[in-house]
Every structure is written in structure tokens, then in C-alpha cells.
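Novice: One structure, pasted below without further comment.
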Amino acid sequence: MNPVISITLLLSVLQMSRGQRVISLTACLVNQNLRLDCRHENNTNLPIQHEFSLTREKKKHVLSGTLGVPEHTYRSRVNLFSDRFIKVLTLANFTTKDEGDYMCELRVSGQNPTSSNKTINVIRDKLVKCGGISLLVQNTSWLLLLLLSLSFLQATDFISL
């Protein structure tokens with residue numbers, strides 16, 4: 001086999017295997033709603049399929065996604081926001097009946113399909129409230145956050161530059 005073709009194939013496989021790795025899955029409460037943030041890599045041009053599910057009492061319930069069929073009971077309560085590096089699921093009116101293991105799964109199809117997932121155990125009484133500062137930290141680059149912090153500290157005469 002031609003070495004150039006071998007290297008190209010190897011790079012394609014490596015890109016696909018890294019293209020959708022789930023980095024983190026976090027949960028918090030916004031009013032009475034559960035918010036799940038599924039952060040992931042995206043180093044592929046292929047479509048990334050996704051699925052959010054809940055496992056409760058050893059039974060899997062698909063909430064949203066393109067891999068499985070979402071259960072009818074959750075369709076009216078679920079809202080999904082999808083961007084290049086994050087998928088955010090909001091489950092309205094979260095109660096103790098919705099507690100369990102939540103999973104975010106991503107899959108890239110193609111010649112060598114790959115998948116990646118993360119699971120988080122969600123208990124209502126242990127959930128933190130989603131806050132403005134945590135949103136800023138999650139959605140702003142660290143450099144910008146550092147610059148904003150330095151400006152604030154300088155304005156309050158906490159530091160002098």
C-alpha cells in the first residue's frame with residue numbers, strides 16, 4: 001500500500017476517534033428545571049449523533065437525541081441547545097421522580113463508527129443552582145476571564161499594574 005494512503009487513512013481514523021470525545025457532563029438547577037451540560041471535542045467534519053438518557057430502576061429512558069427514539073412522556077418537558085462543542089439539555093419541572101443516572105452519548109458514523117459517553121448521578125437535594133458566574137466561567141475563554149478579573153481588581157484598587 002502507498003505510504004501516503006496509509007498515513008491519510010491513519011489520520012482519518014485518529015481524527016474520528018477524537019472527533020466526539022465527551023469531556024464533561026455537569027448538572028445544575030435553573031428554577032425548577034434540570035440543566036445538563038455535555039461538553040465535547042469536535043475535530044471531525046462528520047455529523048455527530050447524540051443522545052441524552054436517564055437510567056432509573058435499571059430501566060433506560062431516552063430523553064432526547066438522534067440515536068434513539070425519545071420517550072413520549074419526556075418530549076414536552078425537554079429542550080435541547082446544541083453548539084459545536086456543547087449540548088445542553090433542559091428538563092422542565094424536575095422532581096425526585098426524575099432522579100437517577102443521566103448519560104450523554106455521542107457517536108460519529110462512518111467506516112469506523114466511534115462513540116463516547118459520560119454519566120452523572122443526579123439527586124435533587126444535592127444539585128447546585130446554576131449561577132451567572134458559573135455560566136460566565138463555562139462559556140468564556142480563560143484569557144478573557146482573566147483580563148476581566150484584572151480590570152475589576154485594578155478598578156477597586158485591589159491591585160495596581
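Keep in mind that glycine also has a Cβ here, set from the backbone N, Cα and C atoms.
Keep in mind that this is a model prediction, so the values were computed, not measured.
Quick paste from Swiss-Prot:
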DISULFID  Cys28-Cys130  disulfide bond
DISULFID  Cys38-Cys104  disulfide bond
DOMAIN    20-126  domain 'Ig-like V-type'
MOD_RES   Gln20  pyrrolidone carboxylic acid
SIGNAL    1-19  signal peptide
Novice: If one measures from the C-alpha of Cys28 (disulfide bond) to the C-alpha of Cys104 (disulfide bond), what distance in angstrom results, rounded to a whole number?
Specialist: 15
Novice: Rounded to an integer, what is the Cα-Cα distance in Å between Cys38 (disulfide bond) and the residue listed as 'pyrrolidone carboxylic acid'?
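Specialist: On Cα coordinates alone, these residues lie 11 Å apart.
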Novice: State the mean pLDDT for the domain 'Ig-like V-type' (20-126).
Specialist: 92
Novice: To which of the disulfide-bonded residues Cys104, Cys130 does the lowest count of other Cβ atoms within 10 Å belong?
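Specialist: Candidates: the disulfide-bonded residues Cys104, Cys130. Fewest Cβ atoms within 10 Å: Cys130.
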Novice: Neighbour count first, Cβ atoms within 10 Å, every protein chain included; then name which of Cys28, Cys38 tops the list of disulfide-bonded residues.
Specialist: Cys38
Novice: With an 8 Å cut-off on Cβ-Cβ distance and a minimum sequence separation of at least 6, pull the same-chain contacts of the residue listed as 'pyrrolidone carboxylic acid', or say none.
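Specialist: The residue listed as 'pyrrolidone carboxylic acid' has long-range Cβ partners His40, Glu41, Asn42, Thr44, Ile48, Leu106, Arg107, Val108, Thr114, Ser115, Ser116.
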